[in-house]
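This report refers to the structure that appears directly beneath it.
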Amino acid sequence: MGANVSTPDQRFQVTHFRSTKPWTPRPEIYPFKVNSPCIVEIKNMNQWKSRLNALKDTNKLLVIEFTAKWCGPCKTLEPKLEELAAKYTDVEFVKIDVDVLMSVWMEFNLSTLPAIVFMKRGREVDMVVGVKVDELERKLNKYTQSFF
């Protein structure tokens, strides 16, 4: 008896510590980004159409990541894609959840996840299906260096 009983002074110290030291994650423990500002998540058809129309008349490369919450390989690819989006700042990266916007996924005649589609001037120029990071980076290099 008494092993789990704290004195009033000990309770004050814990309460005082909690009130004066707000918790913040330390970068060495949490090095990942919770929400990548480099990849825009498209959540509805209007957002998709406006993004596509805005880039039709530019030479900017649009990289579309088709994903789903239940897709294991998609989750494997996500951190690498965020790295690439941070590296290739001149490229527009968007993410589309196929469960939310199935019609967009079907426009591209896709059947496998993850799928990455490359577009320039409103038309599809290439794609990568599956977790093929080397191929993805090679194509990013190819389309960011070429102009047409």
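Cβ coordinates are placed from backbone N, Cα and C, and glycine is handled just like the others.
Per Swiss-Prot, the features are:
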- C71: active site, nucleophile (ACT_SITE)
- C74: active site, nucleophile (ACT_SITE)
- C71-C74: disulfide bond (DISULFID)
- 1-145: domain 'Thioredoxin' (DOMAIN)
- G72: site 'Contributes to redox potential value' (SITE)
- P73: site 'Contributes to redox potential value' (SITE)
Sparsest Cβ surroundings (other CB atoms within 10 Å) among the active-site residues C71, C74: C71
For P73 (site 'Contributes to redox potential value'), nearby residues of its own chain (Cβ under 8 Å, 6 or more apart in sequence): L113, P114, G130, V131
Model confidence over the domain 'Thioredoxin' (1-145), averaged pLDDT: 81
